[in-house]
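**Q** This is the feature table in Swiss-Prot:
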type: COMPBIAS; residues: 209-221; note: compositional bias 'Low complexity'
type: COMPBIAS; residues: 226-235; note: compositional bias 'Basic and acidic residues'
type: COMPBIAS; residues: 342-354; note: compositional bias 'Polar residues'
type: COMPBIAS; residues: 355-367; note: compositional bias 'Basic and acidic residues'
type: MOD_RES; residues: Lys56; note: N6-acetyllysine
type: MOD_RES; residues: Lys146; note: N6-acetyllysine
type: MOD_RES; residues: Lys233; note: N6-acetyllysine
type: MOD_RES; residues: Lys244; note: N6-acetyllysine
type: MOD_RES; residues: Ser272; note: phosphoserine
type: MOD_RES; residues: Ser276; note: phosphoserine
type: MOD_RES; residues: Arg305; note: asymmetric dimethylarginine
type: MOD_RES; residues: Ser315; note: phosphoserine
Amino acid sequence: MEFPFDVDALFPERITVLDQHLRPPARRPGTTTPARVDLQQQIMTIIDELGKASAKAQNLSAPITSASRMQSNRHVVYILKDSSARPAGKGAIIGFIKVGYKKLFVLDDREAHNEVEPLCILDFYIHESVQRHGHGRELFQYMLQKERVEPHQLAIDRPSQKLLKFLNKHYNLETTVPQVNNFVIFEGFFAHQHRPPAPSLRATRHSRAAAVDPTPAAPARKLPPKRAEGDIKPYSSSDREFLKVAVEPPWPLNRAPRRATPPAHPPPRSSSLGNSPERGPLRPFVPEQELLRSLRLCPPHPTARLLLAADPGGSPAQRRRTRGTPPGLVAQSCCYSRHGGVNSSSPNTGNQDSKQGEQETKNRSASEEQALSQDGSGEKPMHTAPPQAPAPPAQSWTVGGDILNARFIRNLQERRSTRPW
C-alpha cells in the first residue's frame, strides 16, 4: 500500500509498534518541531487507510481500526513495511495487526463461565498483492515474541476464514471451544495462566508502598452465619406479633379504654395462617344477657321518664327491658292486649306481684268508702264522684323496683282505659 509521503522516513524499522499516543519513532537528528507534528498526521493517515482496506477485505460495513479509536483505547498496532520496493523512493506498507487486552466471560470444556482478561487479536490484514509470501507469518511471530504469549492463549475477535486457515496451517490451531460471544478460543486456552495487562505507574507505586510498609493488614470482618433456607417462612408467627391490632368490642362495652396486650403464647400455625398479617383472630362477642344487664344498670335520661309516663308500653327502652319477660307479661304491658285477665297462669314472681297489687287496690277502695260514710250525716249522696286512686308513689329507676314489674304496668292499665284502635 503506497502513500504520497516518504514511509521509510516515517518508519525506520521494518516492523513498527504504535500505542494509543501515535507518536512517531525516535526523531532523526536535524528534524524540527513542525516536522514532527506533520509526522504524527502522516501516521494517522496510514492507520485510517489500513483500517478501510481491512474492512473492505472482510466485507464489513465500517472499519474497526482508525486513528480516533486508537487514541481512545489502549490498543497496540504492529505495522509491517516493504523496504525493498521503492516506488519513487518512498517505500510501501504491507499490512498490520492490532492487539489489546479485554475482559471476557468465556466457557471452558465443562461449559463453566470463567472471567479472564487475555490478549485478543482485534484486526489483522495483509495486502492482497503480497499475500502467501510469508509476510503474515513474520508479522504474527514478531507480535508473539513482543507480547510473550503462545498462539493457543489468544482470543480472536470475529476471525475470517482466511485467518482460521492461517492459524491452522502455521500453528496447528484447529479445535475451538464454542462461545456465546464473538470471540474464538482454541483448545488449551485454559491450560496456562494468562498474563495480566501491563500495570500502570500508579498501581506500581501502590504495590511498592505496600511492600515497604510493615503495618499488618486489618483483620477481615466476620459475617453472621447464613440462615438455612428450610427455616425461612413466608409469614412466621413470631414476626407478625407486632402487626396485630386489637378488635374493639361493640357498644356499650367499649366505653372503658382497653389496651391491646400481646398474647403470652403465639397462636398455633393453623389459626395464625388463616388471618391477614394485619389482623389478629377475632374475639367472641358478649352474650345478649350480659348486654341487657349492662343496659339495665345504665342511669336513664330525665326525658326518658316523661316518655315512659306518657307511653309506658311503647318506649324503646321499655321494650328492651321487657324482652326477656314471659309472653303473658309482655301482653299485659301493651294497651291493646287481650290478655288483661291472665294473671294466675304463670308461676313466676310477676304474677304474684300482680295479685298483691289487686289486693292493695281493693283495700284502698274500702278505706275510702268508710271515710266518706263517716263524714256528714252518714247518708250516701245521690251522685258521688267515683273514687280516685291516690297518687302513685314516686317512680324510682332502681334495679328490681316497681317500675320494672307487672304491678306498675297493671296500675297504668287501670288508670288509662283508652285503646289505640
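The backbone N, Cα and C atoms fix where each Cβ goes, glycine too.
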**Q** Express the distance between the Cα positions of Lys146 (N6-acetyllysine) and Lys56 (N6-acetyllysine) as a whole number of Å.
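**A** Distance between the two Cα atoms comes out at 28 Å.
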**Q** In the three-state scheme derived from DSSP, which category covers Lys56 (N6-acetyllysine)?
**A** helix
**Q** So how many other Cβ atoms are close to Lys56 (N6-acetyllysine), meaning within 10 Å of its Cβ?
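**A** Taking every protein chain into account, the count is 11.
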**Q** Mind giving me a neighbour count for Lys146 (N6-acetyllysine)? Other Cβ atoms within 10 Å of its Cβ, every protein chain shown.
**A** 13
